[in-house]
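A short write-up of the structure that comes next.
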Amino acid sequence: MLLRSVLLVAHALQLSGALDLPFGSCAFEEGTCGFDSVLAFRPWILNEEGHYVYVDTSFAKQGEKAVLLSSELQAEEWCCLRLVYQITASSGSLSGPSQLNLYVRYEDESFDRLLWSAKEPSDSWLIASLDLQNSSKTFKILIEGVLGQGSTTSIALFEIKMTTGYCIECDFEENHLCGFVNRWNPNVNWFVGGGTVQNSHSVLPQDHTFKSELGHYMYVDSVYVKHFQEVAQLISPMTTVPMSGCLFFYYQLQQGNDNVFSLYTRDGTGLYEEIWKVDNPGNAAWNLVEVEFSAPYPMEVIFEVAFNGPKGGYVALDDISFSPVHCQNQTELPFSAMEASCNFEEDFCNFYQDKDGPGWTRVKVKPNMYRTGDHTTGLGYYLLANTKLTSQPGYIGRLYGPSLPGNLQYCLRFHYAIYGFLKMSDTLAVYIFEENHVVQEKIWSVLESPRGVWMQAEITFKKPMPTKVVFMSLCKSFWDCGLVALDDITVQLGSCWSPESLPPPPGQCTFDQDECAFTQEKRNRSSWHRRRGETPTSYTGPKGDHTTGVGYYMYIEASHMVYGQKARLLSRPLRGVPGKHCLTFFYHMYGAGTGLLSVYLKKEEHSEESLLWRRRGEQSISWLQAPIEYSCPHPHQIIFEATRGVSIRSDIAIDDVKFQAGPCSEMEDTAQQSSGYSEDLNEIDY
């Protein structure tokens, strides 16, 4: 069922030396090289003539999976994992496409991490390139094919290759060119030079790698240019892991010709930035270039040649490499976004205020039924600007963040809550302060927001000069003042929204998209429900979710249940691994008749359940964080059980569930801080 081009592709890969592959790789010539089909799913079929494995609708149905699992691997040095694949679809079938997913399975984690996913069908093979950071952990690669709609859909794998080095590196000796591609231009493109075939009218050089006519390189030649101002672009694979250091490459061009050779970066939103350009042609031999390269978020490298006249000549490129050590004469330390983030649990971090006048105060509220605690845990510290204390209208409290280097894209996220104020507009605003030009620009302000609810704001910005983020609270008139709370400020490099972003790890769930992999034993009015905003019954339940304030959470509606009735939410089966694990989640137990919230562990093929954690009765009007540390080397499930209390004011909610390998961070004991009765059963082995 695969396209006829499959065998031609496989033959080309074989000729390019695909049989001589390193450990953790496979060209599927005579077998699967230690990659085995997982018996619980459909098998991957090895083609009778070799060259590829596939799954198609001749033996599998829509929605069925085929899973391929590698042997145990280790990447003590930085590695690049490349996947040569093809997804085909039935003609006219656009909905329900097939999907190919690649996961990494670490030895100490009970879930698999999604690294890459594709579902676009193609007429020929494609290449995915994934950087794997060096680590002492052993791991396995898991490749999952899920068939879509149509009677002739299929998924094929031609080659899996794991090599030491970075995915943006290439000597152009392999048939697939390390995943580099042309931006197609009908008039001028990059071509492979060298080898036994000379397909250029120009006298091109020997390659740099082998210094031989048989070696390969990339070149672009003005012979094929039909119009002036034609541009040829050679585009690298998108980086998948943050990296910073020195990018090296060799180039050669005909001196004095009408062309401009430049190097750009391009992020997932399509934003270009020039990082190098030829200022003099150099000599006739291969010229080495060293350019500082930083990719804190997914980014492509683009080699561009623009022809501006009739004597464009040629440009040749070879041996692209990367080092995490910065280039010569480069002493600037890489910026850490953590320096600009703060949850205010210990102090103000790197934030500071104006010396004059009242400003932001670091406060802590003991959980109670009337005042909301902080956003981080429900029990910690946050910042509060109390404009009621000012004796004059127009009061402004300024909070300055640390200096951020220019020419980088940032994602600023923070949580805020507003109390009082008749008119909410501009009660909190965020400005960008450009240090060199002493200019302030407003990039965000409050318009309308539910009062007393922690809301999340996120802002993407990029400035050419070093900047500081400034938070301002404003009281416009003496008669209209209130409280502004601020917590959990985070700064990340890159856009807040990226088309390249993957879904969160399967160990995390915010319930904003769906119920993740959680299931219920039964679904009716007395089950767990996914909801946003307030619950229907007054004086019980949250006003909004914990994640953003406007997202979803899971809860029980007590008015649909009777006293003592239970609702159970089950995690997907978790793989048993040695060592400690940390389960954290946020819970909301507000209401005079609140019942019980319990967390159980259930081993596979065992009927009994072990109690890990429990809270009884009304706890707080705030979302509170619960850390549970446990060990279980056997396959198991985690169960959240809510029990309805004595009255309808007994809504119980949970949000932001997260499973992590290793012990929990040190936290305050919520059992001593919370009101009501509680049972702490942390650090238990099962």
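Heads up, the Cβ atoms here are built off N, Cα and C, so glycines get one too.
Region 'Disordered' is the annotation TrEMBL gives to one range among 181-202, 489-510, 665-686, and that range is 665-686. Across the range of the domain 'MAM' (24-169), the DSSP-based residue counts are 0 helix, 68 strand, 78 coil.
According to DSSP, the region 'Disordered' (521-543) comprises 0 helix, 4 strand, 19 coil. Here the domain 'MAM' (168-329) has a mean pLDDT of 86 out of 100.
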